[in-house]
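Encoded as structure tokens, the structure appears first; notes follow it.
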Amino acid sequence: YRLTYYTPDYQVAETDILAAFRMTPQPGVPAEECGAAVAAESSTGTWTTVWTDGLTQLDRYKGRCYDLEPVPGESNRYIAYIAYPIDLFEEGSVTNLLTSIVGNVFGFKALRALRLEDLRIPPDYAKTFWGPPHGIQAERDRLNKYGRPLLGCTVKPKLGLSAKNYGRAVYECLRGGLDFTKDDENVNSQSVMRWRDRSXFCAEAIYKAQAETGEVKGHYLNATAGTVEEMFKRAVFSAQLGVPIIMHDYITGGFTANTSLSMYCRDNGLLLHIHRAMHAVIDRQRNHGIHFRVLAKTLRMSGGDHLHSGTVVGKLEGEREVTLGFVDLMRDPYVEKDRSRGIYFTQDWCGMGGTMPVASGGIHVWHMPALTEIFGDDACLQFGGGTLGHPWGNRPGAAANRVASEACVQARNEGRDLSREGGDVIREACKWSPEL
């Protein structure tokens, strides 16, 4: 492999798709051989020379390991940079992109561990994807909500409620001041609560809350199902009910299903909320798997208006600078290379709409100043137990979150430092809000 696929003198083309792998070779295996093996197996190579190699223009189509960079402070671990010609990939297919780059290389005997840290999607390839159904600005225009983070809540307990009581919980949260409520990721269509019943009661709750508050409200109705046909049946029913947003578990549901659902949402005026269930199986190990920034990039390409991104301050894992790095990759049109934030390549999205990050998991009103400072306005903050755990009930819990959010936004706009004065801001707001 090394003689053909390790090319340190290669000049990267603007159209190349670039990958950065964190690579741990087996003892005694040269890093150059491992990097070349990854490049070969994820492009044109196989374990031996075949006679059809002579019928192929190998220099045009092969992947190339063009740089190896030792990881500081770690022995026998490298960042391998690999360039893939754009012709190796089907246009507009995240499924094909991931199948090619990570589909077959992670089980190599020569590798002790391998992790895909980042991808550079060149403009020529990015333009073949539709991206999010609507994007951040179009969502704000549809909701008529500006200048603050959006607020949500996951209905708990996630399983066990009847459809009618589930709808009642949704209504109380929306009436209290939240913008959205949410199905949990494993709420599909169990015997205790079938999807059609849940959809009908949630739609009733949405319309009642909208009429009483004068605000646009929504509930993430989970369309994820065992078959694509059933998924679309649920999405179509949601569109017929006139609700503004539905939901999909994109990793367990699959990228092909997600892209199809995203296109349906675009054509039918539905926002699409994306949950990342099962992501930690893939991205949590430091030296093996796929970093979440890659999963976030590929979701933006496949299509989703919201994506769960971690909180930095709650119960789920996430380093601040690294989290903010992939949050910017989700919502900004252009992101510069910045290794301190884990961004290995400059990324130009060529006008593709942004995906709104969703902070969810173990957060409550005392986290509101930090969340407002960290994520800014273009984020959705979701408080499950932080709403439903209020001693007075769901509606006061929702009101407390809304008051805390608006107090933090006002304090920030007045120039106050939320990182130092956040606690004082919340305590001052408590004087005017019994719920808080």
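Any Cβ shown, glycine's included, is placed from N, Cα and C.
What Swiss-Prot lists as active site, proton acceptor is Lys156, His275, and the listing cites sequence analysis. Positions annotated as substrate binding site by Swiss-Prot: Asn104, Thr154, Lys158, Arg276, His308, Ser360. Feature annotation from Swiss-Prot assigns Mg(2+) binding site to Lys182, Asp184, Glu185; the stated evidence is sequence analysis. Here Swiss-Prot flags Lys182 as N6-carboxylysine, drawing on sequence analysis. As annotated by Swiss-Prot, site 'Transition state stabilizer' applies to Lys315, with the evidence given as sequence analysis.
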For this session: Quick one: of Lys158, His308, which of the binding-site residues has the smallest count of other CB atoms within 10 A?
Result: Lys158
For this session: Determine which residues of this chain, when Lys182, Asp184, Glu185 are set aside, have a Cβ within 8 Å of the centroid of the Mg(2+) site's Cβ atoms, and list them as they appear in the sequence.
Result: Thr154, Val155, Lys158, Asp183, Asn186, Val187, Tyr220, Asn222, Met247, His275
Exercise. Within the chain of Thr154 (substrate binding site), which residues six or more apart in sequence place their C-beta under 8 angstroms from its C-beta?
Worked result: Thr181, Lys182, Asp183, Asp184, Ser360, Gln382, Gly384
Seminar exercise, completed: Given the binding-site residues Asn104, Ser360, the candidate whose Cβ has the fewest other Cβ atoms within 10 Å is Asn104
Problem set entry | Arg276 (substrate binding site) to Glu185 (Mg(2+) binding site) - Cα separation in whole Å | 8
For this session: Provide, as an integer number of angstrom, the distance between the C-alpha atoms of Lys158 (substrate binding site) and Glu185 (Mg(2+) binding site).
Result: 9
For this session: Across all the protein chains here, work out how many other Cβ atoms are within 10 Å of the Cβ of Arg276 (substrate binding site).
Result: 23
Problem set entry | Residue from Lys156, Glu185, His275 whose C-alpha is spatially nearest that of Asn104 (substrate binding site), among the recorded positions | His275
